[in-house]
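Participant: As annotated by TrEMBL, domain 'B box-type' applies to 25-66. Annotation comment: TrEMBL describes 67-115 as coiled coil. The repeat 'Filamin' feature in TrEMBL is assigned to 232-333. Positions annotated as region 'Disordered' by TrEMBL: 330-370. Annotation source TrEMBL lists compositional bias 'Low complexity' at 334-345. What TrEMBL lists as repeat 'NHL' is 390-433, 434-475, 479-522, 526-569, 570-613.
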Amino acid sequence: MEAQQASPDSSSEECTVLEALPGKGTALICSQHKGKVSVLYCLACENSVCEDCMNGEHAEHPTDSLENIVDQQLAALQDRVDSAKNRLPQIRRAVQSLRDILQQLNSQRSSIEEDIHSSFSELHKTLDTRKSVLLMELEVTYGLKQKVLQAQLDTLLQEEAAINYNCSLTGEALDGENKAVILQTHKDVGERLGDLASQGLPLQPEENDQLDLMMEIEGLRKSIHNLGTIVTTSAVASQTEASGEGLEQCVVGQPATVVITTRDKSGGLCKTGNAIISAEVCTPDGSVADGEIVDHKNGTYEFQYTVKKEGHFSLALRLYDQHIKGSPFQIKVTSSPDDSPPTTTAANSPGSRSRQKGVRRGGSLFSTPKKRVNPIEDDLIFRIGTCKFQSRFGVRGRLPGQLQRPTGVAVHPNGDIIIADYDNKWVSIFSSEGKYKAKLGSGRLMGPKGVSVDQNGHVIVVDNKACTVFIFQPSGKLVTKFGSRGNGDRQFAGPHFAAVNNNNEIIITDFHNHSVKVFNADGEFLLKFGSNGEGNGQFNAPTGVAVDVNGNIIVADWGNSRIQVFDGSGSFLSYINTAADPLYGPQGLALTSDGHVVVADSGNHCFKVYRYLQ
């Protein structure tokens, strides 16, 4: 007999009935045999059956105890419930992530809307000011010309009136009938008429009537037509891939490269740039390598980094704060290429390509000028990083008051501690006891690196990713901003840190332009110094900067692993003597009131304090 499986819409005659029998509790009653209790389960029909059923149409069907099947299905049901519930934390995290993204999106929209209104308001003000200047210039020019012409006209009219008047006095004499009148008139008027006839008059115009307006309206109209653009991309982290020789291994001191190819939710290649990508090479105890992400503006990005010690490291690549495919990657750093295994790629990407490694030349750790203009005998005082600390505050996270990747710190005159948070894209303000107070720059900043405070109490933020310097009030209100990506005087390429001198001038280290630039408090360019190289006054990617009481500028030279000293005009003075304990990739630095310079030695994972005689 061929077994037939019941369908979901089978008639009720094939169903069992749940009834309460006297003395038997709840049981399944067979619908085919009245009053019979189902104690078995037909595996072929997937239905409960009674003993009479087994003697009839289910006689040859495999069966099992109904209790066993109920227990099995109960366990299976519980497993499915547990599996479904296990998805809830993932769903809740995804929901929270989406809410955070929506909140950030809304914040970005509000910020951009404010920027648009502010920018066009400034343009209106500028246009109105220029309009007033032009109208004033028109009135002044017109007035000067009109004054000259009117004076000339008045002179001629006076002469005309004088001639007519004196000529009228000679009317009777000219009749020739009265000799006495002729004699008297000649005596009284003749000389005046002679003067009037011979007097030099301004008969030629002493001014012209030209008043023209020259305005490049068409060019301005085109500029306004193309003014501003809303920048975005459809790239998502779950589809974005990385490839290249720097994904799994690299050599100490040599640049390694990773190519990041962005894709949309369907896996399609993104063909525009401007995605917000962050990269971090670190050990379990924190970040140890610096690098730069280059946007090729075609949907691919290149991350180049250099590690200064051997070991196993982690490379985290994030797109909009989410790990891309395969991230974090595990990297083996070796002392020579021969120690490295063949490189494999994380994904086959159209953006990946083979590339010859460049070799960074060794830094001038012990370089000293032949003649020191301002000889400074400095020594290592002590190093911090292996001793006990007094206190700490902050926890890792992306909520206000938490820190994701702190990169810069400054102290406000009121004692507040100001911290730039690169990955959270804002600046946090804490009290001197470490209590969170506020954040500023959220929705505006793309990657804040260094912070400083000017003499007005304004917070200066160096946005490394946006290549822009922002100046905020402590309340968070934007005072001004300046700078863009490029190599011009008012442009930056990966700016790092800022300092303020006694004239309230802002000093910025321009990392990839290998220079230091100075601006006034309004962001107007004043001067720059430095070029790429290893000589006195040259830089290989400057980072930290500070100013002493005499206006001298102290700069950390990251790639050359040294600290240089300049006067206020940018002329080289000397080096900080670090030979006793050489630096390895110095970054942030500061001066203490007792004549010491404190520097973050990133390659040696510590802070060092050197004597600095001002």
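Every residue, even glycine, has its Cβ placed from backbone N, Cα and C.
A description of the local structural setting of each listed feature is requested, covering burial, neighbours and distances.
Facilitator: In terms of DSSP helix, strand and coil, the repeat 'Filamin' (232-333) has 3 helix, 54 strand, 45 coil.
The helix, strand and coil residue counts that DSSP assigns across the repeat 'NHL' (390-433) are 0 helix, 18 strand, 26 coil.
Outside the repeat 'NHL' (434-475) by six or more residues, the chain places 104, 107-108, 110-111, 115, 276, 278, 391-394, 400-401, 407-414, 416-422, 425-428, 481-486, 491-500, 504, 506, 508-509, 511, 519, 521, 523, 588 with a CB less than 8 A from a CB of the stretch.
Only residues 6 or more beyond the boundaries of the repeat 'NHL' (479-522), in the same chain, are considered here, and those with a CB under 8 A from a CB of the stretch are 292, 408, 449-456, 458, 460, 462-464, 467-473, 528-533, 538-547, 549, 551, 553, 555-556, 558, 566, 568, 570, 587-588.
When averaged over the repeat 'NHL' (526-569), pLDDT in the model lands at 94.
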Participant: Can you tell me how the residues of the repeat 'NHL' (479-522) break down into helix, strand and coil by DSSP?
Facilitator: 0 helix, 22 strand, 22 coil
Participant: What are the DSSP helix/strand/coil residue counts across the repeat 'NHL' (526-569)?
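Facilitator: For that range the per-state counts are 0 helix, 22 strand, 22 coil.
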Participant: What is the three-state DSSP composition of the repeat 'NHL' (570-613), stated as helix, strand and coil residue counts?
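Facilitator: Tallied per class, the repeat 'NHL' (570-613) gives 3 helix, 22 strand, 19 coil.
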Participant: In terms of Cβ proximity under 8 Å, which residues at least six beyond the ends of the repeat 'NHL' (390-433) contact it?
Facilitator: 100, 278, 280, 287, 318, 321, 439-442, 445-453, 457, 459, 461-462, 464, 472, 474, 497, 588
